[in-house]
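Peer 1: Dropping the structure in here first, questions after.
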């Protein structure tokens, strides 16, 4: 029993030191418990001690070692420690003071739990003696105090429950003395208290009782029979009462241990001593040792093993053969010496199962197995060292009582699916003993490898027109993993081929990787295409890789050449050539297209039938040329069968019939070579592109300059009829639009200018009028469409309007005039006939002259066109430096748009046809507007002194402008924006010129004759206007300087047959000062001091004869004037003189 407890205790001591790897649990249970008794809940206690138990594991515990596997065990799932059978401590541990069962349990989390179960002893056994009766023979000669050992009682219980004392039936002759052996057991000796006398009593009977330490104590009794014999005076005597010897373990049988010797001085049989084991010597000891009864030699009879038992006690007695012999006793203690006779023993326990398996994804440090090495030897003989042999990705981690095998590198099952490991253990004895154990570690598979294609790029060549379903190629991917991890399936990655899914072109077998064509390929449509094949395994998660497959479609000669030139009708082409064409004349060029490639698409030409003797064909370029000349006697037509064939293995061809006609009307032109139409086409496109580019640059520069000029010039000064006609006569360029004054003219030039004005002024009118009629297809406004409607508002000032048949044209051109004139320019005043509101007149002193017509009458008629009255506009002051936005002016002129339905939009074409001549109309409308202003309005020109500064500079220009150029500030207005009227009509920004006519004016108009009714006399009566009053014009809009040549007035006045119905065009600035009436003149002309021609004209007017009152100028009918001016304008338009061109440039 002690031999079993010592290794367990040693193991527990070693495990206790490994606090980081072990947890100790201690329990106790009483003996004699039935099987299935629950000792403890190890799972609960282990969890409380810090174990990380996985509840999902079916087996939470695994028993590593168990000192009593037949007695106790642990349930692997519940963790309950239970008894397997009834435990008898007396048999398990015998006399050991403590009886402990040790278990080592490993949890699923690789934590080790050491369990110690102490078996508690119960007083369940009573002391017993080896025999039922003890018989003794005591010589009567025994002296008092003689001690005779008695057989000891045996109690299997341990400790206090063992034999504690002996009792003898009370008497006077004998007594008992209790003694203790070295192992703690107690025995009794019979002591002779008094001398014996055999003759008195030769036999005694007593009872000896053995008692244990229980409560109540258990007892065992034995009978003692004492026979008093005759005396043998000398007893054998040992030299020593105790002997101690040692013997090596594994000593062979008959190995002497000790020789005992007891002396007896008696002679004969009384002195002959015999030896024997006496007392309590167990059976195991008797098996190991024996004593020679005659010699007293103790020898070895069994196999001594230090690990089984290393100390034995032998009780030996010696007695003589004489009667009444009293034996002598001694104790022999035999110690077994340990030798290195046990090699280390290696025990391997896998963590997961009986087989050592580990996943290839196990990280370094992962425990795969537990190794326990034991050596039954002691000391250095039992101290063992272990190591792992071989170059393997594992290592051995040693502890005091066990070792672990850990992963020490990267595992790859695909390279090594198993490893053969050898563990070697050796002790420290002399000689050294060692042992080895080999085992196999299986590497389990993980899905750690992607499928790998044999090559990343596959290419297959297939001819077009293949059969759908034809096999193309096979792709192969290998996955070194096992099972589902290594099973590879294939699929095509979705993509597009010519805007169609690739699945409509090819398919793949998911298991074998065979790729098939789903359609018949056409090389002319698709020469090659690519797609990707995806290979993925069946692992979780699945791994995949892809490869590119390129399908090249070879061309097959499946397309017949198609003749494209000359054009065929039902397979026949007709060609005309001159009859006098010579040899080598190019008749036609035969062209054929073949959609195949290479030799399959290379086309050559030939003539197979027909009049081949007259013509030849170039086999490469298809040129058909004459080989002889044709005379007058030649027939008029020839036939040729032209064949175009390709050069495929199976040649395909196309033929056409070419009819060649000889035509005498054509001029023979020998063709020296073929004309490269593509080159001509490219050259033409390049030329057109170059011309367009240059044109765009020119237009951009022109527009940029025009935009700058809009901000530069004072339009109110340059758009007078004087400036316009001056440019036309003198040949000034478009820079005149920047001018704000007229250069002085010499007297000689004055006369020439007057003649030119008289002629070219008429041409301007005809030119403008003629274009207006040419471009007008839509309905015009006639006099029948115009009627006068009485006004509801009474006005004190009325106006007389000069009649003009071209007023409708003026109204039609007003819209264009509004859009084309620069900002701030005056509109045609014939479109602004209205009554001036006296309350809105501005009497500023900045303006010198004021002209007005005074009319008498209760109501002012409104102008009605096509049944729709034109809106009225109130007059308001307008400063010359105030420039409205173009958009505002266009909006304000919307009332007069398209009065005659004429479109003023440019068609974008250069042709001057009836429908697309709007662009030309716009080029002439400016002149028409100016002429109509002259013909329809009689207003005296006025102006003021021009400031002294450069004509090309603005009011804000500085010295640096002449060097660095002008900025936006230079073109800003000089004066702030005036305050306008808040009337609704004012918002529309329509500026009206109100003209007041006096009674004298009415009479003057009437003097022209009752048949000459003008537009100004509609609704007027001659008697309402006194003839004595002089006309006074009140111009509501003018500018600082009004420039008007008097010669122009005289020329135009002559054209009006003496009835002055035309006035110089005034600039758009409100004239605010009144002019005194002068009976000697019809009109007062504004004087511009810098102009000498104006000065001379004023002098002529002041000093010339006064016309009689009956010859006062009346409003003239402009139809007659236009009739006379039109031929002049037509002549100027046809000649396109430089002056006309310059005038067009100015207008545009």
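Glycine too: its Cβ is placed from the backbone N, Cα and C atoms.
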Peer 1: Among 261, 714, which is the one flagged in Swiss-Prot as N-linked glycosylation site?
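Peer 2: Looking at Swiss-Prot, the N-linked glycosylation site feature maps to 261.
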Peer 1: Kindly point out which candidate in 398, 414 is recorded by Swiss-Prot as part of the Ca(2+) 11 site with 360, 445, 446, 448, 481.
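Peer 2: My reading of Swiss-Prot gives 414 as the candidate in that site.
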Peer 1: Which one, 524, 530, 616, 623, is listed by Swiss-Prot in the same Ca(2+) 14 site as 464, 555, 556, 558, 596?
Peer 2: 524
Peer 1: 123, 125, 155, 157 bind Ca(2+) 3 in Swiss-Prot, but which of 73, 197, 212 does that record place at the same site?
Peer 2: 212
Peer 1: 340, 342, 375, 377, 381 show up in Swiss-Prot as binding Ca(2+) 9; which entry in 292, 417, 427 does that record put in the same site?
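Peer 2: Matched candidate out of 292, 417, 427, per Swiss-Prot for Ca(2+) 9 with 340, 342, 375, 377, 381: 427.
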Peer 1: When the Cα-Cα distance from residue 558 (Ca(2+) 13 binding site) is computed for each of the recorded positions 412, 414, 448, 485, 546, which gives the smallest value?
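Peer 2: With Cα distances computed to residue 558 (Ca(2+) 13 binding site), the winner among 412, 414, 448, 485, 546 is 546.
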Peer 1: Specify all same-chain residues, apart from the site residues 464, 522, 524, 558, 559, whose Cβ lies within 8 angstroms of the center of the Cβ atoms of the Ca(2+) 13 site, ordered by sequence.
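Peer 2: Those within range, site residues removed, are 465, 523, 525, 555, 556, 595, 596.
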Peer 1: So which recorded positions out of 140, 199, 261, 524, 559, 570 end up within 10 angstroms of residue 448 (Ca(2+) 10 binding site), measuring C-alpha to C-alpha?
Peer 2: none
Peer 1: Could you say whether, by DSSP, residue 485 (N-linked glycosylation site) belongs to a helix, a strand or a coil region?
Peer 2: helix
Peer 1: To the nearest whole angstrom, what is the C-alpha distance linking residue 546 (N-linked glycosylation site) and residue 414 (Ca(2+) 10 binding site)?
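Peer 2: With the alpha carbons as reference points, the distance is 21 Å.
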Peer 1: Sorted by position, what residues of the same chain at least six away from residue 261 (N-linked glycosylation site) have a C-beta under 8 A from it?
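Peer 2: Correct list: 238, 239, 296.
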Peer 1: Looking only at DSSP and grouping its letters into three states, which state does residue 199 (Ca(2+) 4 binding site) belong to?
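Peer 2: In the DSSP reduction, residue 199 (Ca(2+) 4 binding site) maps to coil.
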Peer 1: Using residue 420 (N-linked glycosylation site) as the reference point, find which of the binding-site residues 199, 360, 559 has the shortest Cα-to-Cα distance to it.
Peer 2: 360
Peer 1: Between the binding-site residues 140, 199, 233, 360, 414, which lies closest to residue 559 (Ca(2+) 13 binding site), Cα to Cα?
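Peer 2: Closest by Cα distance to residue 559 (Ca(2+) 13 binding site) among the binding-site residues 140, 199, 233, 360, 414: 414.
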Peer 1: Determine the Cβ neighbour count for residue 570 (N-linked glycosylation site): the number of other Cβ atoms within 10 Å of its Cβ.
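Peer 2: The answer is 5.
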